[in-house]
Amino acid sequence: MPSLLVVIFVIELFVQLVNTIGAATINNLLWRIALSLPLPLSAQFAAQRKKQKEYLAIRRELNATSSQDEFAKWARLRRQHDKLLEDLEKRKKELDAAKTKFDRTLTTVRVVATRGLQWFLPFWYSREPMFWLPYGWFPYYVEWFASFPRAPLGSVSIVVWQWACTGVIKLVIETVMAVVGLIVAARQKQQEKQKAKQAVPAAGGGDSKAEEAK
């Protein structure tokens, strides 16, 4: 069984990553992965794409056919067009319903695996010490706060450990994002400078040609 310290840290890390990336982005990524797997859903999606290609081909041919000069052909293409369009709309509704169900399932699993455990574990292990502070190193009020709410005095409670993990992970993520933002901004400025340097000789060349013409 993994240590409770590690479990709490992993849960908080996952929660912060979801908050940073975005639940909708993660759902869309997992949806694309599900469509690429050999599942009935992916077969349904492939059939829908195939029908869509057929529909576009019929539509192009229909637009290129005159309803006056080639009425019989135009009428046949029109029937095929309407039938494929109706089939596509039906398949789209089915896929949209499957996507909605998929998102709800993921949301439920994510809430249970994160928010549920965030509340359940501190309640269930509120009296369990995560680890002990060195004896006599800290004053009473520090030991009392570290053991909040019901852990033995002189220990670090699961609630305080959870707070510490959340704070440290947030700080690290914000630092990494700030560093990445600075790197991206620096590269953009460097590219702009290079473009400006490339534009200057062109302007200078035009002036020299004008002087020669004079």
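Glycine residues also receive a Cβ, built from the backbone N, Cα and C atoms like all the rest.
Relative to the membrane, SER3 and ARG150 are recorded by Swiss-Prot on the same side. Long-range contacts of the transmembrane segment (156-172) within the same chain: residues 4-5, 8-9, 12-13, 15-16, 118, 121-122, 125-126, 128-133, 145-150, each at least 6 residues beyond the stretch ends and with a Cβ under 8 Å from a Cβ of the stretch.
Outside the topological domain 'Lumenal' (132-155) by six or more residues, the chain places 126 with a CB less than 8 A from a CB of the stretch.
Residues 107, 110, 113-115, 117-118, 121, 130-131, 158, 161-162, 165-166, 169-170, 173, 177 of the same chain, all 6+ positions outside the transmembrane segment (5-24), place their C-beta atoms under 8 angstroms from a C-beta of that stretch.
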